[in-house]
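Heads up, the thing below is written out as structure tokens.
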């Protein structure tokens, strides 16, 4: 016998396992061990999601939104009943040994191994993996640009233009990404972004000989990747408490460093053995596999679709056990129109009247200048200036992001421990960001000075400085959530839009200056040093992590 849960009667009954779910216009009866509790976005109901393979529809019928209802796999019970002893005891009892193996011989409680992890851990882990693939698709061109330039006869200016085209799309998608993450949740936006940039990556070899097509494909990669930071920020702000936030942000964004390491290590091997085209095909397929794997990892008993009742514009009336219309949300079309008008509710004026927001904007710009120019040009710098071959240059380029992973593992608990011990959050963010800026500024100054340093000492110097810049993950990148969890994704969209500009201007300008001056010190290092130093001053003077209401101003 297996327990069966009835929404209409709010009771648990017993029935043979083979009994199919019973469905009427207002109620559905399912085997309760198929259920997994989760909070809905409205905060008023407890959602119960059932496996797509086991549940064909939920207890609502009608022409409007019928297909979404069948696929959404979501039913709801009032919060009051969710908190009742009856529900809690019934749900927890499903872990009994006789029920754990009753479903087709499968131990649904022990497999997959991540099933019983807290949902926020699974989401953070999946997001970090997405960021690994994100930077793999970002740095692949940094390595492939060397054989591509030789094949197509590009000079440094053209190579810089090709590499900078990614950031055109990256900048365009920042604010839309933040807005969409706020409306639909970070996870859904991230999934669409990964799929978009992966398909665009696969297109690169197909259009490489046609410059407009190549630039367009990289713009599309940038658009897909551009929504990811805001999506991750929204996800963290919604699901992670303040005491864990530095570690969550660091863990997720550390995926970028890991992606750089993996991409820079693997790309030369693929290029030498299979040609530069293979890098784009392989890395693009990885993103598609991530999208498929996410469904298996997180969606057994969970849905990626919007709440089925909200698609109908209805809610559950506990007094009558019926569905009632929500004011202003009579249909899916009406809901989407109202979502479109929500941009007017964002307190844009309040954002731009805040000195702390302006500090984040400029500091994000400064950090991005150093990061993106080095990410794009260091492999070429190591190859041409230090006279390393392609494999050696790629391996050396791995060292800064590899060291960044180590630094991140130190910086995150360092910041969280300071906050837990009573140090003011603003002070902690200023300390971390100052380390993140002054360290690479010093290392670039030493590397660009005529001190007669051997190549490997220059590599060690740059590696140390760029690795310490990862302290920004516990500085700037936590401040958006600190000052306004509700608008964190939009704030990051604003700062990341400005932060993408150095990818457009800086990467292309570096190539132009290199052709003009033939000096890596002037073309690559001098502008970065300037922005690191001025960014430090602005951050120390104006930055703040104090929560701000950002009340709407007409």
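Even glycines carry a Cβ here, placed using N, Cα and C.
What you see is a predicted model, and the numbers here were worked out from it, not measured in a lab.
Taken from TrEMBL, the feature domain 'Major facilitator superfamily (MFS) profile' applies to 123-546.
Positions annotated as transmembrane segment by TrEMBL: 192-216 (among others). Below 8 angstroms of C-beta separation, residues 130, 133-134, 137, 140-141, 148, 152, 161-162, 165, 177, 222-228, 231, 276-277, 280-281, 283-288, 290-291 of the same chain, each at least six residues beyond the ends of the transmembrane segment (192-216), sit close to that stretch.
For 248-267 (among others), the entry in TrEMBL reads transmembrane segment. Only residues 6 or more beyond the boundaries of the transmembrane segment (248-267), in the same chain, are considered here, and those with a CB under 8 A from a CB of the stretch are 120, 124, 127-140, 142-144, 232, 236, 240, 279, 282-283, 375, 379, 394-395, 397-398, 400-402, 404-405, 408-409, 411-412, 470, 473-474, 477-478, 481.
The transmembrane segment feature in TrEMBL is assigned to 279-298 (among others).
Annotated transmembrane segment per TrEMBL: 357-378 (among others), in sequence order. Residues 138-139, 142, 160, 163-164, 167, 260, 351, 397, 400, 433, 436-437, 440, 444, 462, 466, 469, 472, 476, 479-480, 483, 491, 494-496, 498-503, 506-507, 510-511, 524, 527-528, 531-532, 534-535, 538-539, 541-544 of the same chain sit 6 or more residues outside the transmembrane segment (357-378) yet have a Cβ under 8 Å from a Cβ within it.
Remote same-chain partners of the transmembrane segment (398-419), defined as residues 6 or more beyond its termini with a Cβ less than 8 Å from a stretch Cβ, comprise 135, 242-247, 249-251, 253-254, 256-258, 260-261, 264-265, 374, 378, 425, 427-429, 431-432, 435, 459, 462-464, 466-471, 473-475, 478. According to TrEMBL, the transmembrane segment annotation covers 398-419 (among others).
Per TrEMBL, the feature transmembrane segment maps to 455-478 (among others). Proximity of distant same-chain residues to the transmembrane segment (455-478), defined by a Cβ-Cβ separation under 8 Å and at least 6 residues beyond the stretch ends, is recorded for 245-246, 249-250, 253-254, 257, 360, 363-364, 367, 370-371, 374, 378, 382, 386-388, 396, 399-400, 403-404, 406-408, 411-412, 414-416, 428-437, 439-444, 446-447, 495, 539, 545.
Taken from TrEMBL, the feature transmembrane segment covers 490-514 (among others).
Taken from TrEMBL, the feature transmembrane segment applies to 520-542 (among others).
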